[in-house]
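Presented below is the structure to which this report refers.
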Amino acid sequence: MVSVFLSTLLLSAAAVQAYLPAQQIDVQSSLLSDPSKVAGKTYDYIIAGGGLTGLTVAAKLTENPKIKVLVIEKGFYESNDGAIIEDPNAYGQIFGTTVDQNYLTVPLINNRTNNIKAGKGLGGSTLINGDSWTRPDKVQIDSWEKVFGMEGWNWDNMFEYMKKAEAARTPTAAQLAAGHSFNATCHGTNGTVQSGARDNGQPWSPIMKALMNTVSALGVPVQQDFLCGHPRGVSMIMNNLDENQVRVDAARAWLLPNYQRSNLEILTGQMVGKVLFKQTASGPQAVGVNFGTNKAVNFDVFAKHEVLLAAGSAISPLILEYSGIGLKSVLDQANVTQLLDLPVGINMQDQTTTTVSSRASSAGAGQGQAVFFANFTETFGDYAPQARDLLNTKLDQWAEETVARGGFHNVTALKVQYENYRNWLLDEDVAFAELFMDTEGKINFDLWDLIPFTRGSVHILSSDPYLWQFANDPKFFLNEFDLLGQAAASKLARDLTSQGAMKEYFAGETLPGYNLVQNATLSQWSDYVLQNFRPNWHAVSSCSMMSRELGGVVDATAKVYGTQGLRVIDGSIPPTQVSSHVMTIFYGMALKVADAILDDYAKSA
């Protein structure tokens, strides 16, 4: 595990409390690490993966003392690792450690591979992410029902589940004055996942308000609560933090209060390789999993009711493929006998990030982060007619090219997705780009195109799940619109940094700096982006939840089509990208799916 680092910052009684280390509770010693302790046993439910959705669903199921659950997690309990995980200001320091899966993509643009960051440990990626807490546009979630046929997956329903997960703290007067916003009707207060303002106790930088004043002059809404269903605009954001500014990862929220339940067992240091099935008249029924660490050391464990895959958007598709569920062409190449033909591992949608950074003058000193969710017109500016023309003339061509590249399998069904995205951007005023600004002596924008038209894939390369041989191929920028959008968002960030009220605090650009001329065209920005982007690590849709006709892998209750007793319950199932950070969606989704599982359990009792 990462070594523990403890530090205490003493502030006056009047100051907001900065990060204080959390109480250290030895959870790991109460968990299982010996696979023989569970091998051959039978549980009601087996959950493959102890990340955000896995731990949330495990906690909800085991509220019923009659339900026995086993969670199998490759990593360990890491929430005690001190500031490197607990302190939100240490974001990024955990990258490259044993708590980071650090998957490699196949060679992409210019033959570059990219690292895909994902948490390895109980809590999954909530251990290592930026713990930002926003929600998407309501029309995006409504489309899951209206466009993709997933009954019950609409904003009104999901909004209640998302609020049910949350325990929000109202910002202080000083935080509101600095640029935070809070609409109490959009927040839950009785949930498990704490949210509040990030605050290190230092004075607030005036740059947040300067950004708001700059975009307000352009007609952009400011100080919007980003959790109310229409996030377009500029505001400061909430984070998953407790009152001591400690990261509230999924293990701290859902496992720490519940790890001593007698009906909940957590096995660490092991990975699920494949699902075990028996054939029935109704098709294959999941009866357990094979887990272990290598081909010579692995075990079987059995599920009375269901197997629930929660290994994440990069890994859950692989478990299905190792189990014989997937595209025949992929399984044949890996020497796996096909059990069921489903479009597993395609339709994967991740975003891309670039950075525009400048020095801040001494007048801009202080802490703070603000986000600009920009719509289509705000992002593209003078280039909006060109971008609109692409959306109105190229969807058929893009769908054909994507299918030919292996990003999807059906041109007609993919065009439904593309038309949905076009409607969002041109008719529904959804946020198209996110510009995330950090201060503290700088004006730093990390920014990304939120709505990618590129479709990637992740597939196995052998029949042995423990060799860890797979091809993660996001296919970044193989769609021209995605590159244009990322370039336009980058250009917008540079323009905003030195105009309007922001000019007072601008003290010279450091990135791109001299690497890109100041009056760069969108074409020049595109060239720069290709050389300097990174993945955004928000991949979804590799086991899409949509009608089977449109390319779905799971139905509206997260059940894998054509099977019994098998669900995928993680970030691989949302059928679309969204204009937000994804934790709120995943928590709400996990609670909704948990209710569906419990409904089926009640019917079987």
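Cβ from N, Cα, C; glycine included.
The feature active site, proton acceptor is assigned by Swiss-Prot to HIS538, with similarity to another entry given as support. Following the DSSP three-state reduction, the secondary structure of HIS538 (active site, proton acceptor) is coil. Less than 8 angstroms from the CB of HIS538 (active site, proton acceptor) sit ASP350, GLN351, GLN577, HIS581, VAL582, each of them six or more residues away in the same chain.
According to Swiss-Prot, the FAD binding site annotation covers LEU52, THR53, GLU73, GLN101, GLY121, SER125, ASN129, GLY130, SER132, VAL272, GLY571, MET583. Taking Cβ-Cβ distances under 8 Å and a sequence gap of 6 or more within the same chain, the neighbours of ASN129 (FAD binding site) are TYR91, GLY119, TRP537, MET583.
Of all Cβ atoms in the protein chains displayed, 16 besides its own lie within 10 Å of the Cβ of CYS228 (disulfide bond). Summarising the annotation, Swiss-Prot assigns disulfide bond to CYS186-CYS228.
The annotation N-linked glycosylation site is assigned in Swiss-Prot to ASN111 (among others) on the grounds of sequence analysis. The number of other Cβ atoms within 10 Å of the Cβ belonging to ASN111 (N-linked glycosylation site), over all protein chains shown, comes to 6. Secondary structure from DSSP puts ASN111 (N-linked glycosylation site) in a helix.
The feature N-linked glycosylation site is assigned by Swiss-Prot to ASN183 (among others). Neighbour count (other Cβ atoms within 10 Å of the Cβ, all protein chains): 11 for ASN183 (N-linked glycosylation site). In the three-state DSSP classification, ASN183 (N-linked glycosylation site) falls within coil.
Under the DSSP three-state reduction, ASN190 (N-linked glycosylation site) is assigned to coil, being neither helix nor strand. Its Cβ placed at the centre, ASN190 (N-linked glycosylation site) has 10 other Cβ atoms within 10 Å. Positions annotated as N-linked glycosylation site by Swiss-Prot: ASN190 (among others).
When Cβ atoms from all protein chains are considered, those within 10 Å of ASN335 (N-linked glycosylation site) total 10, not counting its own. According to its DSSP assignment, ASN335 (N-linked glycosylation site) is coil. Here Swiss-Prot flags ASN335 (among others) as N-linked glycosylation site.
Taken from Swiss-Prot, the feature N-linked glycosylation site covers ASN375 (among others). In the three-state DSSP scheme, ASN375 (N-linked glycosylation site) is classed as coil. For ASN375 (N-linked glycosylation site), the same-chain residues lying six or more positions away in sequence with a CB closer than 8 A to its CB are ARG232, LEU425, ASP429, VAL430, ALA431, PHE432.
According to Swiss-Prot, the N-linked glycosylation site annotation covers ASN410 (among others). Within 10 Å of the C-beta of ASN410 (N-linked glycosylation site) we count 15 further C-beta atoms, all protein chains included.
Secondary structure at ASN519 (N-linked glycosylation site), taken from DSSP and collapsed to helix, strand or coil, is coil. Residues or ranges marked as N-linked glycosylation site in Swiss-Prot: ASN519 (among others).
What Swiss-Prot lists as signal peptide is 1-18.
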Packing count at GLY121 (FAD binding site) (other Cβ atoms within 10 Å of its Cβ): 30
Measuring Cα to Cα across LEU52, THR53, GLU73, GLN101, GLY121, SER125, ASN129, GLY130, SER132, VAL272, GLY571, MET583, which the record gives as the FAD binders, how far apart are the two most distant ones in Å? 29
Taking 10 A as the limit, how many CB atoms besides its own sit near the CB of ASN519 (N-linked glycosylation site)? 6
Whole-Å Cα distance, GLY121 (FAD binding site) to CYS186 (disulfide bond), is 31
Check the recorded positions LEU52, SER132, CYS186 for other C-beta atoms within 10 angstroms of each C-beta and report the one with the most. LEU52
Same chain, 6+ residues apart, C-beta under 8 Å of the C-beta of GLU73 (FAD binding site), given in sequence order: GLY49, GLY50, GLY51, GLY54, GLY121, LEU122, ILE266, LEU267, THR268, GLY269, GLN270
